[in-house]
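A.B. asks: Take a look at this one; I'll ask things after.
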Amino acid sequence: MTMASSKKKLEGLVAATITPMTENGEINFSVIGQYVDYLVEEQGVKSIFVNGTTGEGLSLSISERRQVAEEWVTKGRNKLDQVVIHVGALSLKESQELAKHAAEIGADGIAVIAPFFLKPWNKDVLINFLKEVAAAAPALPFYYYHIPALTGIKIRAEELLDGIQDKIPTFQGLKFSDTDLLDFGQCVDQNQQRQFAFLFGVDEQLLSALVMGATGAVGSTYNYLGKKANQMLEAFEQKDFSSALNYQFCIQRFINFVVKLGFGVSQTKAIMTLVSGIPMGPPRLPLQKASREFTDNAEAKLKSLDFLPFTGLKDRNLEACS
Ligand SMILES: CC(=O)N[C@H](C=O)[C@@H](O)[C@H](O)[C@H](O)CO
Ligand SMILES: CC(=O)C(=O)O
């Protein structure tokens, strides 16, 4: 526990990394170095969450997950603050293997979702599963990744956190990807004496979560809207709430637009390719590549919001926020 507890707290924006792929569906390791530089230099994002939802972690083989994790850790060395690896899997054995591997390669933490096929039906069973995974990496900070809409496991995070450190001594925080701000607020409220990280995962609502005590955020949009989100965090920090709200609305205009077109990991890959210029490639089945129509519409919206660099249309960007 000494190593885990001496680790500095995970805070600020954490990009949920995309797993770049080639047109024929293999992982494109060759762009990960550029991707790290892009996040740090262009978006001001210094921590990453690897092999999660956005990274199609559950669609990769165990061997691929190990290689992806290793590449991010290697390329992020001396550049990134923290690299957290999502090691959740349906098989406890696989999850433990990935946790152990994350420790071996020098990752800064591990996160785990609830197993979602044969399900834990109550808090104690879920804790037992998480505990067994955490124990495979006893020196690494452990984060629970709460994403009930995707796992179907609706055990409230507030309930799960009650007494969790007695069971999982390396427990260090929560990645909360749900819109239930009562549950989130109570996680914060009931653990004020503990140094947990409360990482919010609904990018379009981050400002509300900051009010509730979020200490950071993990999300897909920080890959390409990190700079804007950082401006919002800065304004919030300065107690300039009207500017913070202005930034949140600006981010919402974009997310609202793409949500209406149908937004998920495939679309995130297309948008990131557009904005960063780094080819993210297609997603893996069962996901399907974003349509040309989606990409064209998203591009027009990004331009009108002034979210694309060098568009040369500044005077016509009526929706742009400062
Ligand atoms: C379901 C999902 O992928 N959630 C992401 C992270 O938890 C978010 O970053 C969303 O992509 C984002 O908030 C847009 O809805
Ligand atoms: C968004 C997020 O945290 C994930 O992709 O796992």
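Cβ coordinates come from backbone N, Cα and C, glycine included.
TrEMBL annotations: computationally assigned, not manually curated.
Here the structure is a predicted model, which means the values were calculated and not measured.
So TrEMBL lists the following for this protein:
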- Thr54, Val218: pyruvate binding site (BINDING)
- Tyr145: active site, proton donor/acceptor (ACT_SITE)
- Lys175: active site, schiff-base intermediate with substrate (ACT_SITE)
A.B. asks: Among all protein chains shown, how many Cβ atoms are found within 10 Å of the Cβ of Lys175 (active site, schiff-base intermediate with substrate), not counting that one?
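C.D. replies: Around Lys175 (active site, schiff-base intermediate with substrate), other Cβ atoms within 10 Å: 29.
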A.B. asks: Nearest to the residue listed as 'active site, proton donor/acceptor' in three-dimensional space, by Cα, is which of the recorded positions Thr54, Lys175, Val218?
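C.D. replies: Nearest candidate: Lys175.
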A.B. asks: Cα-Cα, whole number of Å: Val218 (pyruvate binding site) versus Lys175 (active site, schiff-base intermediate with substrate)?
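C.D. replies: Approximately 7 Å lies between the Cα of Val218 (pyruvate binding site) and that of Lys175 (active site, schiff-base intermediate with substrate).
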A.B. asks: In whole Å, note down how far the CA of Thr54 (pyruvate binding site) lies from the CA of Lys175 (active site, schiff-base intermediate with substrate).
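C.D. replies: Here the two Cα atoms are 14 Å apart.
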A.B. asks: Inside 10 Å of the Cβ of Thr54 (pyruvate binding site), count up the other Cβ atoms and send me the figure.
C.D. replies: 25
A.B. asks: Over all shown protein chains, what is the count of other CB atoms within 10 A of the CB belonging to the residue listed as 'active site, proton donor/acceptor'?
C.D. replies: 26
A.B. asks: If you draw a 10 Å sphere around the Cβ of Val218 (pyruvate binding site), how many other Cβ atoms fall inside it, taking every protein chain shown into account?
C.D. replies: 29
A.B. asks: Reduced to three states, what secondary structure does DSSP give Thr54 (pyruvate binding site)?
C.D. replies: coil
